[in-house]
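Data first, discussion second: the structure below is written as structure tokens.
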Amino acid sequence: MSHIQIPPGLTELLQGYTVEVGQQPPDLVDFAVEYFTRLREARRQESDTFIVSPTTFHTQESSAVPVIEEDGESDSDSEDADLEVPVPSKFTRRVSVCAETFNPDEEEEDNDPRVVHPKTDEQRCRLQEACKDILLFKNLDQEQLSQVLDAMFEKIVKTDEHVIDQGDDGDNFYVIERGTYDILVTKDNQTRSVGQYDNRGSFGELALMYNTPRAATIIATSEGSLWGLDRVTFRRIIVKNNAKKRKMFESFIESVPLFKSLEMSERMKIVDVIGEKIYKDGERIIAQGEKADSFYIIESGEVSILIRSKTKSNKNGGNQEVEIAHCHKGQYFGELALVTNKPRAASAYGVGDVKCLVMDVQAFERLLGPCMDIMKRNISHYEEQLVKMFGSNLDLMDPGQ
């Protein structure tokens with residue numbers, strides 16, 4: 001992609017939006033409007049801060065420093081708090097590792113030494129418990145999550161301690177294990193509380209992606225414990241993983257014949273509502289006769305498609321299931337019932353451990369309109385698929401028989 005002229009700041013802008021979309025908002029258009037509106041307001045306020053009010057902030061490493069010289073990184077500091085989303089800085093800051101441009105698509109090779117902070121078994125258990133509901137960690141595989149946990153360090157805080165200060169450089173992402181914390185924002189020399197954390201949550205993630213100062217101050221209102229993750233590890237694993245996941249999802253969607261008739265913009269919308277699910281060997285993924293509510297693409301592993309025979313019986317006297325197809329990575333299943341608007345015509349079982357990309361039909365219809373309106377563009381393909389997978393004589397009218 002080196003021959004394509006990418007506007008300065010676009011990569012960081014889209015990285016931030018991509019991470020935020022991981023929250024699975026119900027309406028992507030409304031979410032985008034709200035996100036970029038806050039982004040614009042943050043830029044205006046940042047401009048006011050630098051041009052109108054030459055306030056100074058204190059960092060952990062130095063004495064008072066003029067903001068215009070220390071234009072560093074910003075932070076939304078909360079998934080839930082009502083804070084402005086930061087934007088890439090227009091000013092020049094000192095050269096540091098923290099400010100280096102990060103493009104996850106270009107940095108395929110990673111030779112940096114792994115950061116490891118030794119922990120006792122008890123600390124590891126507490127850390128895992130604190131991180132189990134952190135949205136940013138949801139899409140990490142086991143190896144990546146293990147590297148993140150290895151790199152995190154415990155920080156014990158006291159009452160009234162400033163964890164981060166508005167205007168400071170942002171070097172760490174924090175997960176709350178325990179304690180309460182106030183979120184304070186100063187504007188026009190007026191400081192106000194915009195929210196509070198109560199023994200759960202995380203903050204500081206966007207400061208690791210944008211070149212603007214911290215957007216808020218976080219103060220402990222009780223004794224507590226935090227787990228920190230350094231900027232380099234955060235970007236190397238989490239940001240890069242999100243970018244790779246999205247790229248992989250796009251590749252899968254483009255390879256599915258079912259979506260050949262969709263416009264590029266429509267396929268990109270599909271990527272935004274895809275989730276992942278893992279199934280164990282022999283686990284049933286869909287059941288014949290059940291209502292169809294999801295469509296599946298195999299990310300890794302194999303899936304066996306079976307249908308109940310009308311002529312063969314199992315040992316319990318019921319209709320025996322007979323395999324009619326064996327699906328592998330990149331193949332998909334579960335879409336035919338959505339197209340025909342009928343119950344599942346077959347069952348699907350995992351063969352070994354299986355990871356599937358899952359698309360909810362309601363999300364699909366919300367983004368692209370009723371399924372049939374979209375699918376009619378390529379209806380001949382579905383007829384071919386029906387014959388290929390189930391045979392021309394298969395009765396789909398009553399899959400429960």
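Each Cβ is built from the backbone N, Cα and C atoms, and glycine gets one as well.
The model shown is predicted, which means the values in this text are computed figures rather than measured ones.
When Ser300, Ser392 are compared in Swiss-Prot, the phosphoserine annotation sits on Ser392.
Ser96 is the residue among Ser96, Ser251, Ser255 that Swiss-Prot describes as phosphoserine. Look at the binding-site residues Met152, Ala216, Val232 and count other Cβ atoms within 10 Å of each Cβ; Val232 has the fewest.
Here Ser347 (phosphoserine) is positioned 26 angstrom away from Met248 (3',5'-cyclic AMP 1 binding site), judged by their C-alpha atoms. In the structure shown, the C-beta of Leu136 has more C-beta neighbours within 10 angstroms than that of any other entry among the binding-site residues Leu136, Leu184, Met248.
Under a cutoff of 8 A between CB atoms, and with a sequence separation of 6+ in the same chain, the neighbours of Arg200 (3',5'-cyclic AMP 1 binding site) are Asp133, Ile176.
Arg200 (3',5'-cyclic AMP 1 binding site) carries neither a helix nor a strand DSSP state and counts as coil.
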